[in-house]
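Student: Features from Swiss-Prot:
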- 87-101: compositional bias 'Low complexity' (COMPBIAS)
- 102-112: compositional bias 'Gly residues' (COMPBIAS)
- 289-298: compositional bias 'Basic residues' (COMPBIAS)
- 310-335: compositional bias 'Low complexity' (COMPBIAS)
- 48-116: region 'Disordered' (REGION)
- 281-356: region 'Disordered' (REGION)
- 189-213: zinc finger (ZN_FING)
- 243-267: zinc finger (ZN_FING)
Amino acid sequence: MYQSLALAASPRQAAYADSGSFLHAPGAGSPMFVPPARVPSMLSYLSGCEPSPQPPELAARPGWAQTATADSSAFGPGSPHPPAAHPPGATAFPFAHSPSGPGSGGSAGGRDGSAYQGALLPREQFAAPLGRPVGTSYSATYPAYVSPDVAQSWTAGPFDGSVLHGLPGRRPTFVSDFLEEFPGEGRECVNCGALSTPLWRRDGTGHYLCNACGLYHKMNGVNRPLVRPQKRLSSSRRAGLCCTNCHTTNTTLWRRNSEGEPVCNACGLYMKLHGVPRPLAMKKESIQTRKRKPKTIAKARGSSGSTRNASASPSAVASTDSSAATSKAKPSLASPVCPGPSMAPQASGQEDDSLAPGHLEFKFEPEDFAFPSTAPSPQAGLRGALRQEAWCALALA
């Protein structure tokens, strides 16, 4: 299986036949010694594992061939860190490697076997310091990657060291600037003396100001005045104003005449409407106000007038109809038997009954009127005419 990893032929392998060449050089800077027999094996691994014939020097020494085969098996295709390439004469090896089995070279010659075992002894001495047991820590930091200033700060806690506070661009008083935005106890505004405010501010000298004084100073550039300005007097009581015409000081509105002099509301309106100054006899001490009528009374009167007109309109129609019926009934009732004056009040009373809502026709009693038996046709014609007129009046209503 590992025959392809055989050592390649090298012109300098004959120089390593002597056991003296396996000794560690006193002035070498490498911590361990690598046998020259491994260098060709590593070169053959890096060259693509090409098969090559075994040289006659290694064929005569079966111990070296078995050692090279055992060493090459440690660097298989699945190894994550293949060895670096070195020249054939190099003596440096970058990492520690476990020694091979002691029985691998048992069949070799005495001189070759003792030389290989002697070469393994220096390697065993340097293998222990290079290996780091599990659970241990490094004794010192890496000076090539970590500067001395930062390495000293790593020994402290995550927030207690000088790294956090030594960063550039950070002010050491950022905590006080942050806390000044919150209301604190024992503070007093240097301008107005306020002890409580939603937001404490500072002026240019660092003194505390309340929110109102701080905003006033920020917007206007001066201190906030402590005395409140007096309220503006009303127009009716402005100091120093007097009407030029009537010399009054009480008015609801100050006006100006054509010359620009102040006048009261009454004198100004009189001059505007009439074109002449207001007479002094019309001056009043009290201000006259308008007597406005409430809107509810006007609405109530308007609604009552409309209801009256609506109720009067049906009666007018009924009266016209009744007058027409009376004018037609009077000539028919006039006869030589019945006197006229006695018939007129009766007809008017019947007309009033016909206007009532429950009576739709005229009723005549036979004992009130004496009609001859020889003339029944006029009475029958009168009743038919009265019924027709009553129906017409009902239809019109």
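Placed from the backbone N, Cα and C atoms, the Cβ positions cover glycine too.
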Student: Could you count the residues of the compositional bias 'Basic residues' (289-298) that DSSP puts in helix, in strand and in coil?
Tutor: 4 helix, 0 strand, 6 coil
Student: For the zinc finger (189-213), would you mind checking the mean pLDDT of the predicted model?
Tutor: 90
